[in-house]
Amino acid sequence: MSLNYEQNAADEQFARAHKAVSLSDDEESEGQAETTSAPNQEPHVSKSPREYYDEPGGKGNGSGADDQDEPETEAASGAANTHVVAHHYNELKEAGRKDRQKSKIFFMRNFNNWIKSQLINEYMSQIKQNKRMGDALRVLDMCCGKGGDLLKWEKAAISHLICTDIAEVSVEQCQRRYQDILQRSEKSKFANKFTAEFFACDSTLVRLRERYKDPSLQLNLVSCQFAFHYCFESMAQADCMMRNAAECLKPGGFFIATMPDAYEIIRRLRAAGPDARRFGNDVYSIEFDCETDPLPLFGAKYQFHLEGVVDCPEFLVHFPTLVKLGRKYGLQLLKRSTFADYYKENLHHGRHLLQRMSGLESVQPQRCENDEEFAHVSNFQGAQRSRSVGTLSKSEWEAATLYLVCAFKKCKNTWDTNGKPLFEFDD
């Protein structure tokens, strides 16, 4: 059995499942964003949509995925775990900097934050290059949490921000942080002042546009950081989430996200043993609640534990399915990179920011000799054993490299005689 979960894009079983659930009228686009598959080496993915709707979280029959008029009713049928996720994030305590510095994953959190900064900067730069002078710059921070990216939006000189999250407590904390930024900006004539709106709701169940102060507004960028995977509880929820990401994006606008890499998760699960349901290290662990052979396209539920954080149920994101859902709403895949690859791509021009954000731990040579977590540093240092090296511990790196970044572009469209959009994809 292959360890490469990615290659299912052109697998016959995967194609049958997609046709059965009618994800899109555009069957020609299937798998174009992915590499060629080797069907005889793939993990078994359920052929029948009925199988994976019977998995945890899946209750829909798949017949209404193309119905764009009633997403809330469709999505609600598969939302068995949304209240668990909301409770999890509402219960998280807001730790101070001193408490965070004591954590085993202090540097990993900073590293992840740097990844987000690089991703946001990459696509905000492209937007600014193409927009006209004086045009508004509007952003949706979908699943905004406590507002960890507010300073990034301020530095990006945006005009308006929409923040939404499933956890009411998080949205309240986010709004307070925004007010603090506003108060600080009053003291500086150079500070960027941007307007914002906040509301709590589940983006996998609710059409966000109907909650905006101006439902007709057009967005330049939609960002969903470390949260998109929750929508893969069911197809209807994933469809609703992708619609929310794409619906108000201007043509040429971007949807960017970070999420767990299902292919890497499955690779590590297989490496743990033929009957393994759990793997991890000192700072993280993953334990599957569903059958892993065959793997369902939706409802592939696992429990994720991170050091110092309450366990929370999550779902694998089958990436070819994500790409196909995106195309349904006019989103074309531009980028898919693992955190490891994205780090390499951005290190040269992002090194200074990485240092400022304490994204790597400075490790002295003598520590490497006695600490297994930093044994890899000795190999890197070579002859220069007197110099300290910036790195992550082995356990932190293993946790960080469970994730990927991705970016989509909203395509222009015309309309057919039935009033359906015909998107102009580049491929």
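Just so it is clear, glycine is given a Cβ too, placed from its N, Cα and C backbone atoms.
S-adenosyl-L-methionine is bound by K116, C143, D165, Q225, Y230 in Swiss-Prot, and the record lists one more residue there from D180, D202, D214, D261, which is D202.
Checked against Swiss-Prot, the residues S46, S63 yield a single entry marked phosphoserine: S46.
When you go through S24, S362, S388 in Swiss-Prot, the residue listed as phosphoserine is S24. Comment: S-adenosyl-L-methionine site residues K116, C143, D165, D202, Q225, Y230; largest CA to CA distance 22 Å, whole number. Cβ neighbour counts within 10 Å, taken over all protein chains shown, single out Q225 as the most crowded of the binding-site residues N112, N113, Q225.
Most buried of the recorded positions Y230, Y403, judged by other Cβ atoms within 10 Å, is Y230.
Checked against N113 (mRNA binding site) by C-alpha proximity, the recorded positions K146, D165, Q225, H229, Y230 yield Q225 as the nearest. Cα of N112 (mRNA binding site) to Cα of Y403 (site 'mRNA cap binding'): a span of 9 Å. Least crowded of the recorded sites (K146, K152, R177, H229), judged by neighbouring Cβ atoms within 10 Å of its own Cβ: R177.
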